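**Student:** Take this structure first; my questions come after.
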């Protein structure tokens with residue numbers, strides 16, 4: 001069985017190569033693959049019908065309990081047959097439908113990939129493997145819905161389908177993990193029988209909700225049904241295959257799989273039957289409102305999916321029998337109807353029933369096929385749809401339910417009859433109407449008709465010999481769903497009973513409704529505003545909310561201002577560390593500090609210099625103040641008997657001051673871009689850090705828990721390392737690797753500075769100015785608003801805050817220069833003076849950049 | 001002597017130094033860079049094999065026994081990280097052959113790149129907390145110099161933010177080391193672990209732990225400390241962005257994994273609770289940040305942040321499975337994220353922009369490139385059966401088994417939003433029609449030249465890695481399991497370093 005799945009994937013892989021040679025005929029070759037598989041699966045029918053369960057084991061990631069083991073029982077087999085059987089017909093159909101489309105090869109690849117995934121899904125025994133295939137069907141479905149990817153509509157529909165099913169899929173993953181952790185196994189076969197442990201577990205409700213979210217989104221149950229009609233943007237073969245016959249039934253499949261384990265619970269019954277009934281009604285009601293053939297079919301699919309959920313919810317033996325029969329019947333007639341709708345669209349040029357009429361003369365075979373399939377849809381004997389519908393009504397009456405479910409089912413049955421009549425009669429009878437000319441409309445090629453013919457034929461045959469179909473195909477499936485042998489049979493004639501009567505009533509009323517369909521539809525328009533507020537609004541609201549929250553958050557967090565970033569990080573540091581200090585450690589330290597006078601003086605100088613560096617408006621002044629800070633620190637080192645450190649510090653500090661003074665003249669004028677309030681705020685933040693660090697040092701200064709390793713270093717410095725200077729020995733021997741690293745750091749810094757100074761950017765500065773500043777979407781600025789230099793930014797800000805009037809800035813700058821910029825710099829000032837031209841400004845700007853960064857480099861090293 | 005543990009540091013250092021010597025000869029630098037990268041990969045694999053056989057590989061620098069000298073130690077986590085470094089080095093070296101402009105090459109592109117790799121490998125392999133600081137500095141200065149190559153204004157702005165905020169991290173890191181040394185009097189991590197295990201002053205240790213957490217949190221770009229990352233990653237040359245995206249933040253994550261399993265493992269309730277909150281917010285804010293973006297590389301940058309959250313989550317839950325998940329996530333993420341950046345470079349080469357609104361039409365004319373994008377993109381979003389799914393699955397499973405419902409819910413939601421972002425890129429860049437007025441000559445008429453092929457090679461290789469992890473996860477899982485087991489039992493590490501003497 002693993003091979004079966006693999007073969008399909010391989011077929012998908014080689015399709016592009018075949019396509020080069022065979023063009024659209026590739027599809028006909030590819031159809032062989034599922035065809036052979038159908039036969040292969042069909043040969044297992046007798047075995048499985050005999051009650052056997054085939055298990056093929058295969059390991060995947062045993063460490064995570066993930067295996068590729070596959071199991072074939074009645075339910076899997078029925079699905080496998082549908083997937084491969086209908087798959088064969090769809091591939092054939094697609095070959096003709098997309099003939100001449102250059103992207104047909106891609107279509108086939110994805111379609112086959114989907115087929116493999118779907119087959120894997122229904123065969124997988126491992127919950128995670130099932131999920132893997134589950135998600136693969138979502139992704140391939142996305143690719144197929146968006147097949148016409150240049151149309152924005154198709155992209156939107158594809159995204160919607162994907163988001164809804166994947167959101168559900170994630171809930172499902174959570175549910176599956178919970179299920180496995182409660183049941184103690186990831187194998188479905190092993191979970192079987194742990195029903196009691198599951199339903200009584202405290203996490204049962206949460207788990208059930210997660211699982212149902214997954215199944216309901218996938219199978220388009222109310223209130224998640226809205227994505228399915230939109231998915232009709234996909235080419236018709238996709239609608240026929242994924243969105244009616246197979247993929248949307250994956251959720252149903254999962255529910256059926258879990259029915260034996262979870263079916264005991266009352267909550268399961270209530271949730272499934274109420275959501276099923278609601279979906280059924282919604283689907284039927286929306287179908288009656290629609291005029292687009294594919295939408296009609298899509299909504300009636302939703303109705304059918306609701307019915308299936310309801311049947312699983314009812315959970316009686318009859319319901320299980322009805323479930324399998326209904327599922328088979330639906331796949332047969334709905335697949336056919338979709339393909340036929342595609343033919344009508346393809347040939348007549350429209351899918352809107354109000355624009356079509358009288359096509360039976362041009363498309364006689366299509367008309368007949370539609371009629372028969374529609375009979376099955378409406379549940380009229382002797383078609384298989386009738387058998388299924390009888391069983392549905394019977395199990396409904398057998399279940400212990402509130403009467404509203406009866407009403408729902410009856411209303412849905414009536415509407416379905418109407419819908420079936422619309423599909424069967426409207427396009428084909430009455431006066432001729434079609435967007436295309438009458439002469440150009442003719443029956444499609446045989447490949448397109450093959451699918452519907454086969455499916456309609458099967459509907460008919462199954463209806464005539466329901467007993468055989470039942471015992472071979474559907475009853476084994478029912479057995480698997482029920483978790484035990486099901487006694488029952490399928491028959492066309494159950495005798496005169498209540499179900500038959502209800503059936504009759506629904507057909508009669510449905511036909512009457514069809515007669516007044518147009519009037520009925522226009523009456524229903526009253527409800528449009530309510531429908532517009534349906535669950536789909538929720539989806540759009542969710543998508544908008546994401547974007548809104550995202551933008552809001554970006555504005556708050558990543559707003560481009562470096563000062564905000566710094567402040568946030570520093571505050572987090574202070575807050576978190578301070579909090580830990582206060583809560584986890586009883587503050588106590590040795591207050592017994594002896595200060596000598598000369599120490600106090602040094603500290604005084606240090607503090608005063610630091611404050612001076614912060615408040616001065618002169619660049620040179622601040623450099624001098626920083627130098628004073630550095631030298632004071634050096635003094636402290638010396639006072640505490642670390643002369644090596646002191647000397648190093650003095651050297652570094654001297655060098656830094658010299659370098660800074662050297663580059664001062666290249667810096668732009670000193671500007672004060674903070675308001676007083678901001679400065680006070682920043683000062684408080686800075687003080688907080690200082691205080692915190694002070695506390696930390698005060699606390700740890702005399703806490704020495706262990707003997708430091710320096711003792712060893714001192715002892716062995718001369719004996720082992722042959723050096724008398726312990727600092728040197730540490731640097732070049734004990735910790736030589738650190739020194740090596742630092743040497744490279746210096747080399748790197750040198751390279752960086754070199755590149756910065758010498759590199760001529762490919763684009764002129766300012767061309768991409770906002771890239772770094774604002775993380776929000778690029779703003780469109782008028783030429784006059786584009787800022788090319790720091791001065792301009794500054795000026796703009798002052799103007800914005802009404803501090804100065806426009807244009808006043810330049811004078812101020814010049815004044816500043818005179819007052820504060822001590823270093824003479826003729827060339828720079830000349831540039832500034834003639835700076836009415838943009839080009840000159842840019843040039844000056846380049847200078848600024850280099851100098852600024854050089855400054856930073858200098859400080860760092 | 002176990003040379004294999006020193007070689008992954010020495011080889012890039014040597015390569016870098018040699019490249020500097022051939023400063024004016026671009027061709028020689030290129031060749032050196034290629035050889036150096038492959039040598040790095042080869043030795044890293046050698047190291048991996050040694051670790052796999054022996055558990056820990058230890059080397060005492062200058063033959064000073066621990067804890068007195070500097071010790072290099074490789075456990076499974078280090079080995080995995082170094083192998084990934086080697087892989088990224090090779091990928092970037094190949095990609096750079098075509099993507100690096102001659103002017104970048106003239107200004108030390110290759111030496112900077114290799115010295116950066118040395119810093120990264122050094123961080124992964126050192127067993128000494130101060131030495132870790134030194135490698136962080138090497139990394140920081142090298143990355144800063146790489147970021148500003150090109151000298152565009154946006155780059156300067158991004159780079160200044162990058163370097164300032166990271167220097168802040170270094171300052172906090174250094175203060176924390178100082179305080180720690182004051183307490184225990186040693187710098188060797190294994191020795192620190194032993195001494196802290198015996199120490200009584202638990203409150204003070206927590207304070208220091210929190211300081212390390214913040215310092216490494218900045219490096220790892222965790223919430224609310226990540227600002228430097230989205231501000232700078234999209235500004236540099238694309239190969240540089242790709243390398244940064246793959247490796248730099250992961251060094252921070254690695255450091256968190258190292259110190260919060262080996263050293264600070266006494267008060268897990270407190271420290272890992274903070275990590276848990278951090279992880280949750282990091283995941284959420286990162287992914288939401290991406291949702292607001294319309295620039296290819298910025299979206300990817302924000303996703304780095306978000307994915308860092310998953311990795312920290314693995315550490316924060318602190319169960320064996322969660323740690324496995326964390327390590328698995330790191331492995332998957334490095335490969336995938338680097339690849340996505342490389343692909344963004346190719347689209348840029350085709351259409352000359354990173355702006356989603358101006359891109360389009362690639363699926364139609366470049367289906368192969370489109371598939372190459374889908375593999376890492378869907379993997380990032382955690383779509384099965386790609387590597388990202390298993391990474392996410394392990395984390396989710398660990399979360400469920402630890403009854404951490406809120407955080408599991410967040411992890412799932414973030415998965416959905418990640419998919420949303422990736423699909424946004426897919427729909428805008430690949431599916432959408434190319435907007436009118438965009439120059440599509442390179443896209444439509446561009447022929448496959450040798451230079452394009454060079455760009456594709458690393459992308460294909462990395463995509464194959466992603467597929468391999470996805471389809472055959474068992475060996476990768478075993479590596480992760482091995483390393484998680486080592487992380488949860490630090491005694492093995494301590495014994496290996498200190499020779500079991502203590």
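From the backbone N, Cα and C atoms, a Cβ is placed for every residue, glycine too.
Under the heading domain 'NADH:quinone oxidoreductase/Mrp antiporter transmembrane', TrEMBL lists B:128-417. Sequence annotations record features per position, and here TrEMBL assigns transmembrane segment to B:6-25, B:32-52, B:107-126, B:132-150, B:162-184, B:204-229, B:241-263, B:275-296, B:308-331, B:368-390, B:402-423, B:453-471 (among others).
Looking at the shown structure, can you explain where the listed features end up?
**Tutor:** Beyond its flanks by at least six residues, the transmembrane segment (B:32-52) meets 2, 4-5, 7-8, 11-12, 14-15, 18-19, 22, 74-76, 78-80, 82-83, 85-87, 89-90, 92-94, 96-97, 110, 113-114, 117, 121, 482 of its own chain at Cβ-Cβ distances under 8 Å.
Remote same-chain residues near the transmembrane segment (B:162-184) are listed as 129-130, 133, 136-137, 140, 143-144, 147, 191-192, 195-196, 199, 201, 204-205, 207-208, 211-212, 214-216, 218-219, 225, 227-228, 231-232 (criterion: CB distance under 8 Å, separation of at least six residues from the stretch ends).
For the transmembrane segment (B:241-263), the residues of the chain that approach it from at least six positions outside its boundaries are 77-78, 81, 84-85, 88, 91-92, 95, 113, 116, 120, 123-124, 129, 132, 136, 139, 143, 146-147, 189-190, 192-193, 196, 209, 212-213, 216-222, 229, 233-234, 271-272, 275, 297, 300-301, 304, 308, 311-312, 315, 323, 326-327, 330, 333-335, 337-342, 345, 487-488, 490, 493-494, judged by C-beta separation under 8 angstroms.
Non-local neighbours of the transmembrane segment (B:275-296) in the same chain are 213, 217, 221-224, 226, 230, 234, 256, 260, 302-310, 312-313, 315-317, 344, 347-348, 354-357, 359, 404, 406-407, 410-411, 413-414, 417-418, 420-421, 425, 428-429; each lies 6+ residues outside the stretch with a CB under 8 Å from one of its CB atoms.
Sequence-remote contacts of a segment are chain residues at least 6 beyond its ends whose Cβ falls under 8 Å from one of its Cβ atoms, and for the transmembrane segment (B:308-331) they are 77, 80-81, 84, 220-223, 226, 249-250, 252-254, 256-257, 260-261, 268, 272-273, 275-276, 278-284, 286, 387, 390-392, 394-395, 397-399, 401-402, 404, 407, 411, 414, 469, 476-477, 479-481, 483-485, 487-488.
Only residues 6 or more beyond the boundaries of the transmembrane segment (B:368-390), in the same chain, are considered here, and those with a CB under 8 A from a CB of the stretch are 303, 307, 328, 331-333, 335-337, 339-340, 343, 346-347, 362, 415, 418-419, 421-423, 425-426, 429-430, 456, 459-460, 462-463, 465-467, 469-471, 473, 476-477.
Within the chain carrying the transmembrane segment (B:402-423), a Cβ under 8 angstroms from the stretch's Cβ atoms is held by residues 276, 279-280, 283-284, 286-288, 290-291, 299, 303, 306, 309-310, 313, 317, 319, 322, 377-378, 380-383, 392, 395-396, all 6 or more beyond its ends.
Through the fold, the transmembrane segment (B:453-471) approaches residues 87, 90-92, 94-95, 97-99, 331-332, 335-336, 338-339, 342-343, 345-346, 349, 369, 372, 375-376, 379, 384-387, 389-390 of its own chain, all at least 6 residues removed from its boundaries and within a Cβ separation under 8 Å.
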**Student:** Same-chain Cβ contacts of the transmembrane segment (B:204-229) under 8 Å, 6 or more residues past its ends?
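**Tutor:** Distal contacts: 136, 161-162, 164-166, 168-170, 172-173, 175-176, 179-180, 183, 196, 248-253, 255-256, 259-260, 263-264, 266-267, 270-271, 274-275, 278-279, 281-282, 284-286, 301, 304-305, 308-309, 311-312.
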**Student:** Can you tell me which parts of the same chain pack against the transmembrane segment (B:132-150), counting only residues 6+ beyond its ends and a CB-CB cutoff under 8 A?
**Tutor:** 104, 107-109, 112-113, 115-116, 118-120, 122-123, 126, 156, 158-159, 162-163, 166-167, 170, 173-174, 177, 219, 232, 235-237, 240, 244, 248, 251, 255
